[in-house]
């Protein structure tokens, strides 16, 4: 056997043949990275560093890295760009971790594959936002894609820890419908939050135009679906106690909402301090993640321990 073949054989034998601790760790790592990138992206805007690297894919004319002339704004923007490569490593690790049993767990294969394919798309969209001088609608689209990726990463974590999605309902139909309506209001809240940010002072650069909406009006409009989410979630929590349903994830969702509403109200009445706005952004990602997890509890999970061992089946997949 040639050296390269022996190396691949060694690597293949080391890869997990089923969901184990390594798979769980890299799944969690992918979710953490997605949320951290939301936070660092917010840091770029809140420090006015959105154009710290004024070009893309280069950081400046003739340089792919920041230069002393760019100051700390260049360092912050360049650092945010470099974190993408950390995500690349984590997503590749996630993909490799399920490669050996991909035919047994096609759901995990596609979740890791989509994450991997999204990275260049997200990078290009980020580049377009720079070239468009931080147009608030382009930046908003960038954030929406980030929320979709948080949702995908959360699904990956849920599926490696709970097994494949089953075919039967795990909750009463009315409970599931309330949860789905809550998810719709979460999506509306996030979109209106993007528009609210686009109307506010944190543009990412002092010379960037805003979206032209009245900040006070859009703040009130943004609050309406946010409080609807809060009310519906309280209903879901009460229902879990009355029906004897698992309540951990729903309670976590409620806790995130309480924190999000508190931060939102404080920031709106204290002049939108950068620290609170940044916390509000990260909490939005946590809100999407928690809502996604709750959504998965509506359907039963396949008990792999009652099925043929996926490790044995995967061992034959090469």
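Cβ atoms are placed via backbone N, Cα and C, with glycine included.
Please treat TrEMBL annotations as automatic predictions, because they have not gone through curation.
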Transmembrane segment according to TrEMBL, located in which of 274-294, 295-315: 274-294
Contacting positions for the transmembrane segment (274-294) when only residues 6+ beyond its ends and CB under 8 Å are counted: 31, 34-35, 38-39, 41-43, 46-47, 146-147, 150-151, 153-155, 158, 179, 182-183, 186, 189-190, 193, 197, 200, 202, 236, 249-250, 252-253, 256-257, 259-260, 263-264, 266-267
Most Cβ pairs under 8 Å with the transmembrane segment (108-131), selected from 82-101, 137-158, 220-242: 137-158
